[in-house]
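K.L.:
One structure, as structure tokens, below. Some questions next.
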Amino acid sequence: MGPLQFRDVAIEFSLEEWHCLDAAQRNLYRDVMLENYRNLIFLGIVVSKPNLITCLEQGKKPLTMKRHEMIAKPPVMYSHFAQDLWSEQSIKDSFQKVILRRYEKCRHDNLQLKKGCESVDECPVHKRGYNGLKQCLATTQRKIFQCDEYVKFLHKFSNSNKHKIRDTGKKSFKCIEYGKTFNQSSTRTTYKKIDAGEKRYKCEECGKAYKQSSHLTTHKKIHTGEKPYKCEECGKAYKQSCNLTTHKIIHTGEKPYRCRECGKAFNHPATLFSHKKIHTGEKPYKCDKCGKAFISSSTLTKHEIIHTGEKPYKCEECGKAFNRSSNLTKHKRIHTGDVPYKCDECGKTFTWYSSLSKHKRAHTGEKPYKCEECGKAFTAFSTLTEHKIIHTGEKPYKCEECGKAFNWSSALNKHKKIHIRQKPCIVKNVENLLNVPQPLISIR
């Protein structure tokens, strides 16, 4: 029997199999593989870092087998495991040493590891983890191959000491809470670290710590600014592959996240989550200044700028500042002359989408804004607002010269012309006025 290698305890997926896994299953697979590799190092087995581990640490897809290779023949176990497929019990034995590290819910003060488990079924923590990974593999093979033989399972113990433990049935480490036993002291050591909530992987830049090395690898990209995942359509880059996958939906136009209440679809799960609050009426984000509540934190952040008066978005052309980036984007069209919104009916173009929407009502005759007092309807909300002044008697437009007030801005503008005509002509230089040639007066 040859020395143990990482490939003896590894699971490999084809591209089709990988795409059948959901996010939770992929994370579980990644953690199990990384944990297996760390166990080999911990046991003193010198192994070079496999490509699979490098891919997992970088957040890449761990695809090592091609589709035609998977179909050509059933995947067999490497080296000395090539002759037999595994039984259900063998699979359980193989997973029990890694599942406990993944699921950290068995946290009790009186939990001590003195002897190991007889089987996965005895401990709820182990059983949940084993069933999760087993279902992950079973679902994948059923979708792709419809055959139980097309799956590689973790092999458990391969060195002579571990085989002796398995054959004799001696288990030295026990969990008092569930009566569960473990074959390895390393399992106890690792479990204690998880039970204590230890975060072994620390960032040298900022000191932030993580429980898993893959999480630290992802975090480091914040400091380096590395964005290895690039969109082929627009060139935009991301730090994580999951963010790139979400971004690609923009180009495809796909909206896979649908609201069960109203049927509206969204291209991002976070957008759907925010939308659901419309139906529930939930507004968890409250302004400390005025008490106004909002559905999302981003909306609250935009609102708070009203109180501070801050205008962080400045136009490079004219220096005008805005409190929202969207307003700056719209403003820039004045300088560029961009009129991107075109009417399909008459071909007229507009700088703003809102202007196009109002214009379209001229063709349709739609008047969606109705006065509750008299029932009169209008095409624009601003027109309705001005109309309501008739009923309230309000005169918000005041002349600075004489103090006279008006209910329309247009009426105020007309009124101002009276003051302009009444103002006398002031001559600053009398000499220039005297030097002006006078017309000849003829007396008949």
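Glycine too: its Cβ is placed from the backbone N, Cα and C atoms.
Summarising the annotation, Swiss-Prot assigns domain 'KRAB' to 4-75. Per Swiss-Prot, zinc finger is recorded for 201-223, 229-251, 257-279, 285-307, 313-335, 341-363, 369-391, 397-419, and the stated evidence type is sequence analysis.
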K.L.:
According to DSSP, how is the zinc finger (201-223) divided among helix, strand and coil residues?
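P.N.:
Summed over the zinc finger (201-223), the classes give 11 helix, 4 strand, 8 coil.
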K.L.:
Can you count helix, strand and coil residues in the zinc finger (257-279) using DSSP?
P.N.:
11 helix, 4 strand, 8 coil
K.L.:
Can you break down the zinc finger (369-391) into helix, strand and coil residue counts using DSSP?
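P.N.:
Residue counts in helix, strand and coil order: 11 helix, 4 strand, 8 coil.
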K.L.:
Suppose you look only at the zinc finger (257-279); what would the mean pLDDT be?
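P.N.:
That region's mean pLDDT is 85.
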K.L.:
Cβ under 8 Å to the zinc finger (229-251), counting only same-chain residues 6 or more beyond its ends: which ones?
P.N.:
23, 59-61, 218, 221-222, 267-268
K.L.:
Which residues of the same chain, at least 6 past either end of the zinc finger (201-223), have a Cβ under 8 Å from a Cβ in it?
P.N.:
30-31, 34, 56-59, 194, 239-240
